[in-house]
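Colleague: The annotation GTP binding site is assigned in TrEMBL to Gly16, Ser17, Gly18, Lys19, Gly20, Thr21, Arg127, Val136, Tyr137, Thr200. Marked as AMP binding site by TrEMBL: Ser37, Arg42, Gln63, Leu64, Val65, Gly90, Phe91, Pro92, Arg93, Gln97, Arg160, Arg171. Per TrEMBL, domain 'Adenylate kinase active site lid' is recorded for 127-162. Residues or ranges marked as region 'NMPbind' by TrEMBL: 36-65. Residues or ranges marked as region 'LID' by TrEMBL: 126-163.
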Amino acid sequence: MVFRLLFRAVIMGPPGSGKGTVSDRIVKHFELKHLSSGDLLRANIQRGSEIGVVAKSFIDQGQLVPDDVMTKLILRELNNMDQRHWLLDGFPRTVPQAEALDNVYKIDSVINLNVPFETIKNRLTARWIHPASGRVYNTEFNPPKVSGIDDLTGEPLVQREDDRPETVTKRLKAYEVLTKPVLEYYQNKGVLETFSGTETNKIWPHVHAFLCTKLPDVSQKEAASQR
């Protein structure tokens, strides 16, 4: 009987760090099942599940969903992925969550994306939208012809609340306070791998090289079989 060694990983990084892009590439290259706690939470709230209703009651009051509720939600989902390699995104966010996860699964690697807050702030605050059409501009990569004005209608552009400098700064500081103990927890366990940089495309090759020491790159196999 052949036992398959399963690889269990966590990806961490502040909002705007390129975590979503890196996660998509990991899934494509290494066939890990990506589980986003945010996506799972939204799906349960929309479905009106028991956990979704409880979680929504906290969110509606502007509170964080308690550790025990999030842990129950995630562990139940991971139980359905027992024979898969997986990548957890957005969980654990606190040390009690990390400890609860460790009680059930052995985490092999924690991939931490370390992008300077100033880079993230510039990236997120550069986004402006035209409310009526939904057109999105980026003052660095896709600027309007006239600053602050929609190209087609000449109407003013607005910045979403989430993209305003003061909101972005607040979110980044909150992330740092919340996750620093979690990073230290995994550092002490010897499973934390930190990848630093200002551009996702420059960070990714290092993440890819690291994961190649753990798992085969299935995208290369597929490319070879198509020749």
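Residue 1 is the first one shown; counting continues down the chain.
Glycine too: its Cβ is placed from the backbone N, Cα and C atoms.
TrEMBL does not curate its annotations; it predicts them automatically.
As the structure is a computational prediction, the values presented were derived from the model and not from experiment.
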Colleague: Per DSSP, what is the residue count of the region 'LID' (126-163) in each of helix, strand and coil?
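Modeller: Across the region 'LID' (126-163), the residues distribute as 3 helix, 13 strand, 22 coil.
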Colleague: My understanding is the cutoff is Cβ-Cβ under 8 Å with a sequence separation of 6 or more in the same chain; which residues meet that for Ser37 (AMP binding site)?
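Modeller: Met70, Leu73, Ile74, Leu88, Asp89, Gly90, Phe91, Arg93 - these are the non-local Cβ neighbours of Ser37 (AMP binding site), listed in sequence order.
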Colleague: Determine, using Cα-Cα distances only, which of these binding-site residues is closest to Tyr137 (GTP binding site): Gln63, Val65, Arg160.
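Modeller: Given the candidates Gln63, Val65, Arg160, the nearest one is Arg160.
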Colleague: I need the nearest neighbour of Gln63 (AMP binding site) among the binding-site residues Gly16, Gly18, Gly20, Arg127, using C-alpha distances.
Modeller: Gly16
Colleague: Between Val65 (AMP binding site) and Gly20 (GTP binding site), what C-alpha distance do you get in Å?
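Modeller: Val65 (AMP binding site) and Gly20 (GTP binding site) have their Cα atoms 22 Å apart.
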Colleague: Do you know offhand how many angstrom separate Gly20 (GTP binding site) and Arg160 (AMP binding site) by C-alpha?
Modeller: 20
Colleague: Rounded to an integer, what is the Cα-Cα distance in Å between Gly18 (GTP binding site) and Arg160 (AMP binding site)?
Modeller: 19
Colleague: Taking only the Cα atoms, work out how far Arg127 (GTP binding site) lies from Arg160 (AMP binding site), in Å, as a whole number.
Modeller: 8
Colleague: Rounded to a whole angstrom, what is the C-alpha distance between Gly16 (GTP binding site) and Arg160 (AMP binding site)?
Modeller: 15
Colleague: What are the sequence-distant neighbours of Arg160 (AMP binding site), meaning same chain, six or more residues apart, C-beta distance under 8 angstroms?
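Modeller: Arg160 (AMP binding site) has long-range Cβ partners Arg127, Ile129.
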